[in-house]
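Structure first, then comments.
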Amino acid sequence: MKQEMMEIVQQKQLAPKIFEMTLKGDLVKEMQQPGQFLHILVPRADLLLRRPISLNHIDHETNTCRIIYRVEGEGTSVFSTLSAGDYLDVMGPLGNGFDLSDLHTGDEVFIIGGGIGVPPLYELSKQLVKKGIKPTHFLGFATHEVVYYEKEFNRLGETRIATDDGTYGMHGNVGNLLLGTKTKPTAVFACGSNGLLKTVEQLFSSHQNVQLSLESRMACGIGACYACVCHTPEDETGTKSVKVCDEGPIFKIGEVII
Ligand code: FES
């Protein structure tokens, strides 16, 4: 993990409150694993806590990376006002990424995401396709106007979309999309709300390789403050909790209580 003032080379709005930002700097050399995140300082003196934002795309050739975030509070609201040529104080890459080591050419995997859980799955899918693995994407959004990255995922593999209100794709959540599938995937990767992750847990409870990316509030981002603790099934005494920032954010199914 390192820290750098990274240059913003592009910022564009993808949907209401959803922004894509491209950053440039030597820190990109450290970025390898899909599912890791950056911890970014808000350039405003009264906002002391960094904001954790997952990596959406890593490009070692141009020394750039992309993040996608939703404006949810003052910090992300400040990010959305920045433009090319501005700099951000970035720490990272942090956390453990998705583990692709058990996968081989020809394997078929499911990639499942919802809302602002979708961005890290793009870098994941890219790296899987590079290994000759075939992904099918199942993406859920609240409504048509907040659907983003459908084209990008389509370029990598079959992509099915659901919206909660039925304004685009299948009416319902990603659970509805998954119920109709017959393929037995080699691995399942998911990122999104706890509701989405619970659905994935239920549907693939006996599967050997299910990896879930948890969302959590964070402060330090490096395992020092315990702001991001979540519980494990053996946690009755409170001694076996885990920290999402440095022990996650990716966990195997059953490792943590969602
Ligand atoms: Fe401080 Fe995880 S955010 S321990």
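Cβ atoms here come from the backbone N, Cα and C positions, even for glycine.
TrEMBL: automatically predicted annotations, no manual curation.
Taken verbatim from TrEMBL:
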{"type": "BINDING", "residues": "Arg51, Pro52, Ile53, Ser54, Ile68, Tyr69, Arg70, Gly75, Thr76", "note": "FAD binding site"}
{"type": "BINDING", "residues": "Cys220, Cys225, Cys228, Cys245", "note": "[2Fe-2S] cluster binding site"}
{"type": "DOMAIN", "residues": "1-100", "note": "domain 'FAD-binding FR-type'"}
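Positions of TrEMBL features highlighted on the structure.
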residue : record                        : CB count, 10 Å
Arg51   : FAD binding site              : 21
Ile53   : FAD binding site              : 23
Ile68   : FAD binding site              : 22
Arg70   : FAD binding site              : 18
Thr76   : FAD binding site              : 17
Cys220  : [2Fe-2S] cluster binding site : 18
Cys225  : [2Fe-2S] cluster binding site : 13
Cys228  : [2Fe-2S] cluster binding site : 24
Cys245  : [2Fe-2S] cluster binding site : 26
Based on Cα distances to Cys220 ([2Fe-2S] cluster binding site), point out the closest of the binding-site residues Arg51, Ile68, Arg70, Thr76.
Arg51
For the recorded [2Fe-2S] cluster site formed by Cys220, Cys225, Cys228, Cys245, which further same-chain residues have Cβ atoms within 8 Å of the site's Cβ center?
Met218, Ala219, Gly221, Ile222, Gly223, Ala224, Tyr226, Ala227, Lys243, Val244, Asp246
How do the residues of the domain 'FAD-binding FR-type' (1-100) split into helix, strand and coil according to DSSP?
13 helix, 50 strand, 37 coil
C-alpha of Ile53 (FAD binding site) to C-alpha of Cys245 ([2Fe-2S] cluster binding site): distance in Å?
11
Ligand 1 is in the model; which of the binding-site residues Arg51, Ile53, Arg70, Thr76, Cys220 have a C-beta less than 6 angstroms from one of its atoms?
Cys220
Spatially closest candidate among Arg51, Ile68, Thr76, the listed binding-site residues, to Cys228 ([2Fe-2S] cluster binding site) (Cα to Cα):
Arg51
Tell me, by DSSP, whether Cys220 ([2Fe-2S] cluster binding site) is helix, strand or coil?
coil
